[in-house]
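Peer 1: As annotated in Swiss-Prot:
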- 55, 56, 57, 58, 59, 60, 61, 62: ATP binding site (BINDING)
């Protein structure tokens, strides 16, 4: 309902504006309280890069984190990640993810990052404590990536990237709850990189384009890998911030599901729920983020799409140059 108000043409947002003004006041107060030293900002012995959003979910932030981890690991840097762990709930934080971790406690995105990359991942609502736990476990990290957390100002950051979806952009431009904005659009003036997810003819000067590119589909039970190709008899599901993006991507690659089903972001699935969605020889196709939560009860007709990020070579050099110079600065001082 709210997403239709935020990204559609409905005037219902007008009724929510008073609440947005309250949110905006406290959001601004929170930021300036750290900016002017009224509240403590915690700095660590390694550089920290935050990859976040100005809006609520579904912008492609986590794929961007995965891309950056791969780029840095390829260059020999030791990388750690901290995350809030949305969708998870635990009695004890921070959590250092390992082979026994489950998404119900640590969240789906941190578990996905760990499984894809193998880097140390620390989860906590308090990112300062998450970083401390990470460095206690591995003091020799070269850099730490914060998956989201742009508004977590208690954590000092050396570099900030903001990911913007090319289609949804900033919706109606209003603060929560009348709109999707966590902060004003002017916040873009203070970040080191604006990453536009998807093709766009109208981008900010200096912004960098990224594209989500499906590489293969992978079976949840057997691990079999197949190339992306036109498929029939497919039921597609997505429990992410912007499910329609996943379905549109499938169509771009010749996959036209007989049925598409949207779930809320971080939705927790059950075997009974998903097994009832297909019949006969139909394939159940989902995002990798969904698959992370289904591995323990998956059926052999369940597959997920492996997606990579594609960024132009010159833009890649530009992004990594700033990061590597920051890492070297910390090592020399």
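Note: Cβ is positioned from N, Cα and C throughout, glycine not excepted.
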Peer 1: Which chain-mates of residue 55 (ATP binding site) that are at least 6 residues away have a CB under 8 A from its CB, listed by sequence?
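Peer 2: In sequence order, the residues whose Cβ lies under 8 Å from that of residue 55 (ATP binding site) (at least 6 apart) are 164, 165, 168, 170, 171, 180, 181, 182.
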Peer 1: Among the binding-site residues listed here, 57, 58, 60, whose Cβ has the fewest other Cβ atoms inside 10 Å?
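Peer 2: Sparsest of the binding-site residues 57, 58, 60 by Cβ contacts within 10 Å: 57.
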Peer 1: Please report the number of other Cβ atoms within 10 Å of the Cβ of residue 61 (ATP binding site).
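Peer 2: Looking across every protein chain shown, the total is 23.
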Peer 1: When DSSP is mapped onto helix/strand/coil, what comes out for residue 55 (ATP binding site)?
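Peer 2: For residue 55 (ATP binding site) - judged by DSSP and reduced to three states - the answer is strand.
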Peer 1: Count the Cβ atoms, other than its own, that fall within 10 Å of the Cβ of residue 62 (ATP binding site), considering every protein chain shown.
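Peer 2: Counting Cβ neighbours of residue 62 (ATP binding site) within 10 Å gives 23.
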Peer 1: An 8 Å radius from the center of the 55, 56, 57, 58, 59, 60, 61, 62 Cβ atoms defines the neighbourhood of the ATP site; name the other residues of that chain inside it, in order.
Peer 2: 53, 163, 165, 241, 242
Peer 1: Of 56, 59, which of the binding-site residues has the most Cβ neighbours inside 10 Å?
Peer 2: 59
